[in-house]
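S.K.: Not my notes, these are from TrEMBL:
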DOMAIN    205-464  domain 'G-protein coupled receptors family 1 profile'
SIGNAL    1-20  signal peptide
TRANSMEM  189-212  transmembrane segment
TRANSMEM  224-247  transmembrane segment
TRANSMEM  270-291  transmembrane segment
TRANSMEM  312-331  transmembrane segment
TRANSMEM  361-387  transmembrane segment
TRANSMEM  413-438  transmembrane segment
TRANSMEM  444-466  transmembrane segment
Amino acid sequence: MTFSGLRSLVLLVLLNNSLSQLEDICLEMSRLNWLDLEGNRIEAVGNVTFGSCNMLTVLVLQRNRISHLYKHAFSPLQKLGELDLSNNKIQRIPEDLFVDLGELLQLNISYNPIVEFQMDHFDNLHKLKSLSIEGIEIGNIQRRMFEPLKNLTHIYFKKFQYCGYAPHVRSCKPNTDGISSLEDLLANIVLRVFVWVVSATTCFGNIFVIAMRSYIRSENKLHAMCIISLCCADGLMGVYLFVIGAFDLKFRGEYNHHAQAWMDSAECQVVGALAMLSTEVSVMLLTYLTLEKYVCIVYPFQYIAPRRGRTVSVLVSIWVLGFTIAFFPLIGKGLFRNFYGTNGVCFPLHSEQPETMGAQVYSIVIFLGLNLVAFLIIVISYGSMFYNIQRTGTRAKEYSNHIKKEVTIAKRFFSIVITDSLCWIPIFVLKILSLMQVEIPGTISSWVVIFILPINSALNPILYTLTTRPFKETILQVWDNYRQRRSLSSIQQSAYTPSFTWLEMWPQQDPPQAEMSCTLGKSHLLPMESTNGT
Ligand SMILES: *[C@@H]1O[C@H](CO)[C@@H](O)[C@H](O)[C@H]1NC(C)=O
Ligand SMILES: *[C@@H]1O[C@H](CO)[C@@H](O)[C@H](O)[C@H]1NC(C)=O
Ligand SMILES: *[C@@H]1O[C@H](CO)[C@@H](O)[C@H](O)[C@H]1NC(C)=O
């Protein structure tokens, strides 16, 4: 193709033709200013293609098939202000491709299968205002790449996470990953408020139960030990949310300046590991408590009350296992890269960055292996306990009493299983979807981390202590004592009796040691319920 006689042409648009070869296109059009070759079949840009185009200011090569670029292909274009190479097949940008483009204001290299960028690719683009690298995975992204671009005001990436590497750029797209935005660690105002509410509830509930349990002398030390353990684990979730809330406050309005440092920081890693520790220990403890209850209700005669040694060793192994699970990814950096720091909330449920093979397998084993098995054990055990109690219950003499009993059991059963399901089913679904390569919006993940994940931690104190019969009885007793004391003290000044006794057995009977833990198990299953029938 020739363009002889077009010496004074300024603008040339050859849209959607089938040009595939270009030989010094400007030779005959030395004043060409604007060249739009969008949607052709150009495969290579060689050393002579734009050899004479030294007046060109806009060059559009969008939607071609360029896979090969000569390293000084654009060097003659001293005045180029806008270069669009998007939607081509460029895999590698030659080292010095942009070195002579000092006047460039806009560069678009989006949607190319580029595998790697060099640190100094953009170094000479002093005037660049807009850089578009959409649709490209930048595995080796570094701050250094964009630092020389002092005048850059707009940058377009594939992922929000990359914005953290160009903190000086005013406008970065995409501007949120659903969890964080350029301004805030927690993008959503509701999340910002609720991170404190949930954190306070969780911390308060668990600390309250720990305090009560150790303040009031407990009859069953072993069970109390399990519950305190559970509260400690659940309390860690409150601590985790508290730290996230605190850093959200700290970074308010300028998160993007700190994003990368925050996600790489030791704080983020440790806090993420704490959340992991909390969920895993909590899950394992709930499973243990459930199994214990199950064995004692379904096989009441074979059941042997746990010895101190066994309970302690089970608790210790649960905690050791929990610590191992949570902190192992921090040790194996090579295998996991940054396991926790893949998003602002430091919990490995949502990641825009591709996970390493190790990290992927690990989170599947934990979230879909361990947790799913634990969840199934809990559901099946409670189901079978419920069935069992119902079956024995039908033999009860008083019918109305029986109905009442069943309703209470059902309520308790459903509240335990439903909170567990509420907490874990969304996480299983999320993990399965991400296994199936479904894109999960970050918004969903952030709500899961702030609302769903802590549900168990916030409600466990209520389910396993505050609504149970022994607890209510203690409260009633304390209240009675208080009232008595008041009426007494009005008569007799010095009437003081130490009144706190933790009634963790049934007042009507004196169970032998072996049955105690079992009645205990039932006491948690049947709040305010009499066991005269057994
Ligand atoms: C372009 O490259 C060819 C060989 O690939 C070479 O012979 C030619 O001299 C080069 N032209 C310019 C202007 O650099
Ligand atoms: C860069 O190119 C892509 C694809 O052609 C387009 O969608 C995008 O809007 C361009 N970016 C800018 C900043 O013009
Ligand atoms: C940025 O742009 C301004 C004018 O827009 C210019 O004066 C300044 O030299 C540029 N900065 C650099 C580092 O080139």
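Residue 1 is the first one shown; counting continues down the chain.
Any Cβ shown, glycine's included, is placed from N, Cα and C.
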S.K.: Under 8 angstroms, Cβ to Cβ: which one of 189-212, 224-247, 270-291, 361-387, 444-466 has the largest number of such pairs with the transmembrane segment (413-438)?
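M.R.: That would be 361-387.
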S.K.: What stretch in 189-212, 224-247, 270-291, 312-331, 444-466 has the biggest tally of Cβ pairs under 8 Å against the transmembrane segment (361-387)?
M.R.: 270-291
S.K.: Ranking 189-212, 224-247, 312-331, 444-466 by the number of C-beta pairs under 8 Å to the transmembrane segment (270-291), which range is first?
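M.R.: If we count Cβ pairs closer than 8 Å to the transmembrane segment (270-291), 224-247 scores highest.
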S.K.: Six or more residues out from either end of the transmembrane segment (189-212), which same-chain residues have a Cβ under 8 Å from its Cβ atoms?
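M.R.: Tertiary neighbours of the transmembrane segment (189-212) are 227-228, 231-232, 234-235, 237-239, 241-242, 244-245, 248, 446-447, 450-451, 454, 457-458, 460-462, 465-466, 471.
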S.K.: Quick test of the contact rule: Cβ under 8 Å, at least six residues beyond the ends. What residues does that give for the transmembrane segment (444-466)?
M.R.: 178-179, 186-188, 191, 194-195, 198-199, 201-202, 205-206, 208-209, 212-213, 227, 230-231, 233-235, 237-238, 241, 244, 275, 278-279, 282, 286, 289, 343, 345, 347, 349-350, 415-416, 419-420, 422-423, 426-427, 430, 524
S.K.: Suppose you look only at the domain 'G-protein coupled receptors family 1 profile' (205-464); what would the mean pLDDT be?
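M.R.: PLDDT averaged over the stretch: 84.
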